[in-house]
Amino acid sequence: MLKVFNTLTRRLEDFKPLEPPLVRMYVCGPTVYDHSHIGHARTWVAFDIIKKYLRLKGYNVIHVQNITDIDDKIINRARELGVSWKEVADTYTNEYFELMKKLKVFPTVHPRVTDHIDDIIEFVQDLVDKGYAYVTQSGVYFDVDKYPYYGQLSGIKDKKMWSQEEFVKDKKNPYDFALWKCAKPGEPWWDSPWCKGRPGWHIECSTMSSKYLGKQFDVHGGARDLIFPHHENEIAQSEARFGVRPWVKYWLHSGYLTVKGEKMSKSLGNIVPLKDVLKSFEPEVVRYWLSSAHYRTELDFSWERLEEAKRSLTRMRMTVDELRKIVKKESPKGKLDEWEIKAIYEVSKIRNEFYDAMDNDFNTPEAWAAVREALRLGNKAIEEGSWEVSLAVLEFVNEADKVFEVFEERVHEGVEPFIDLLVEVRSKLREMKQWELADYIRSKLDELGVKLLDKGKETEWRFA
């Protein structure tokens, strides 16, 4: 039975969606005012893995991940650059899509705030009509005192602890939050019943999630720093409008990505743009590294740790490539020896360990331990030339990779004969003791991603 840690109840719970096998999941996406960084990717990859595991378990997952393309940060950034707010939003939205494609993160729906202004106005008007919101000269605000359950997600019940997002004189209470902001001179605006203006931050997610997932849904995800006030405010306005509790059944939050123990943030100047990481490392290496820690724990970034992840993944890929070669080129022998029978049984046990790990709140470190254990058996199968054990290991790895997506078979059509020729030439050079030229061929092949393994007078090669 799959168990998930629910931030709302602060405990592990059996995962029972509202309308199985359907799972409706909303994840907070980017505010597109600057480059996405590796900390953002930590959240997006984590929930992509969660989605793909749920699908592996037989659930039909609708995954909505929004794009906030109008916000104070975007307006301020446009002023800094001397361009329009839309140019800023479009530039970083396009970059975000390119990065998500590389990381193989594909939500079902990617709604943008500016495409849902009418829906947002309708949501705000409903809250005003029901007495949960009030209109002032500066905008429309949610009356937090009218909602008795405020603080249920974060556990922050003391009003003195409630944050004031911005100082506005005409609010009833300092902790009331904006649903609609009247535009100041030079700011973008849309017509509304109250004033020319734009949506507040929190109302956007409530509106878009309910539009695509309904008045009540299964999973809401995001980074831990969104718990308060963003997710707290989402709950307040959504439960006030729809009259349902809980509005979302399971709240899941990813841990911080840190640098030398400090949270990655602009204020600390330790941001690492995701595009820079992907210039140096394959997307699969980034996915592997991000999933090497449990999604709720902190993960400390360093280039050295990514290099370690690259080396680890390279070793695993080499084994997987060899297993694929054996399964494609060799044939089953029919009769198994004692080791093969035992090994195939071990693979089935390892498969169960993988599912047990992922069923325990998506414990990816333990799931990866199961994959590595299977690949150790795979290496033995390669040494023994066992087609049957190779197949058993490969089938399990392919199954696990539906979640992790790092072992995609790489196509090298037409290059094998040329590599074989170079390896043969190098062997001749070694026989002639032309070590310098032989080493030159090895180094050049290595640069091209081809690893040579000298075994006495014989040489084998693999794609790295």
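Don't overthink the numbers, they just go from 1 along the chain as shown.
Here the Cβ of each residue, glycine as well, is placed from N, Cα and C on the backbone.
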Which range of 263-267, 308-312, 363-367, 443-447 is motif ''KMSKS' region', per Swiss-Prot: 263-267
Winner by Cβ contact number (other Cβ atoms within 10 Å) across the binding-site residues Cys28, Glu234, Lys266: Glu234
DSSP three-state assignment for Cys28 (Zn(2+) binding site): coil
Within-chain partners of the motif ''HIGH' region' (30-40) [C-beta distance under 8 Å, separation at least 6 from its ends]: 67-69, 71, 73-74, 76-77, 88-89, 91-93, 95-96, 99, 223, 256-257, 264, 266, 271-275, 277, 286, 301
Average model confidence [pLDDT] within the motif ''KMSKS' region' (263-267): 80
Spatial separation of Lys266 (ATP binding site) from Cys205 (Zn(2+) binding site) - C-alpha basis, Å: 23
Spatial neighbours, same chain, of His230 (Zn(2+) binding site) - Cβ under 8 Å, 6+ residues apart: Cys28, Trp201, His202, Cys205, Gly222
